[in-house]
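This report refers to the structure that appears directly beneath it.
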Amino acid sequence: MKKIVLTGGGTAGHVTPNIALLPELKKSGYDIHYIGSYDGIERKLIEEFDIPYYGISSGKLRRYFDPKNFSDPFKVIKGFREASSLLKKLNPDIIFSKGGFVTVPVVLAAKRRGIPYIIHESDITPGLANKIGIPFASRICANFPETLNNLPANKAVLTGSPIRKELFSGNKIRGLEFCGFTANKPVILVIGGSLGSVFVNDSIRGILPTLLENFQVIHLCGKDKLDENLQKTPGYVQFEYIKKELSDLLDCADLVISRAGANAICEILALRKPNILIPLSAGSSRGDQILNAESFQRQGFSYVLHEENLTNITLLEAINTVYKEKETYINTMNHSKLLNSIDTIVDLINEVIEESKTKI
Ligand SMILES: CC(=O)N[C@H]1[C@@H](OP(=O)(O)OP(=O)(O)OC[C@H]2O[C@@H](n3ccc(=O)[nH]c3=O)[C@H](O)[C@@H]2O)O[C@H](CO)[C@@H](O)[C@@H]1O
């Protein structure tokens, strides 16, 4: 039986593509193991699936000053030792790394032990963790065609991002019932990224009374970001994070307002949802979401509202415009080609294992 270790974590965007691969990997007969951090979101998300999970120490690598910069490198070294002894014990045929800081010790340990690994990059420009692993990776999967320019041509493959199959089988009625909504008013689904976004939350809550005159609002606001004062507002529901009901909520949404995390926007596109993207600003990140959002805007899939331009007025205008022009957006999205990412990635995994056997 072939053995694979999946790794990725820190935010859900570094985990849900791994989850999307699970059914196909199981069908292909893989013995699947997961390495994540001791207490990251990946642990909670993976624990629902029947696969062994191993926690390791994880330290963040930052490009800016933070007192933790003194302690985190030691965590990475500890994580490397832990990953190395885990890989010795598990002896997998291959590792699939979805990115996030916890993957750095794993891919470095894989390199040391001569275990081949594949990296997947969801964003247009590779994140720091993936950049560290790229030079020794057997293949690098890219989500955006633009990313190929930043990757070694002999290893880069355009695969798109694996999307969980169950997201395509949502049910509108179930979604409305789950929220206690009626079918009389259109529904806006707000997704502030997997961790939630204070900026997006405040922006939506700031226009809520006006919004609720014409819409019902489902708000995925992130852990510890519920607003108790709004709990009983008719036509408004808030959740910290939604797992299995997400497909139903997406199905009943007439419009989605979202951060521009690479996975969320690919899911929104795949489900043909008219959308407004509010990318995380360059001041708080490397600017990856701005590039993701601008790519979608150029292709006519999204209306983009940058943080610096967002006011109550511009947000309401954006909502009214996109809702009015929703058919145009849907038509444009209908012309986008959905890549068969899951099958392509599983084929690549098989290919790299075969290659590694011939090298021995
Ligand atoms: C702050 C930060 O570092 N954000 C990065 C992070 O975002 P983040 O983790 O938010 O990633 P994405 O938006 O790409 O993916 C979020 C995933 O969580 C799922 N989901 C979300 C909310 C919910 O309630 N339930 C649920 O299942 C979405 O369906 C999606 O599959 O990784 C992305 C992919 O590398 C990057 O583009 C983002 O810039």
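Every residue gets a Cβ built from N, Cα and C, even glycine.
Automatic prediction, not curation, is the source of TrEMBL annotations.
Here TrEMBL has THR11, ALA12, GLY13, ARG164, GLN289 binding UDP-N-acetyl-alpha-D-glucosamine, and the candidate from SER194, SER197, SER258 in that same listed site is SER194. In this entry, UDP-N-acetyl-alpha-D-glucosamine is bound by THR11, ALA12, GLY13, ARG164, SER194, GLN289, whose most widely separated C-alpha atoms sit 21 angstrom apart. Averaged across the domain 'Glycosyl transferase family 28 C-terminal' (187-337), pLDDT for the predicted model comes to 96. Listed binding-site residues: THR11, SER194, GLN289; maximum Cβ neighbour count within 10 Å falls on GLN289. Its Cβ taken as reference, ARG164 (UDP-N-acetyl-alpha-D-glucosamine binding site) is surrounded by 18 other Cβ atoms within 10 Å in the chains shown.
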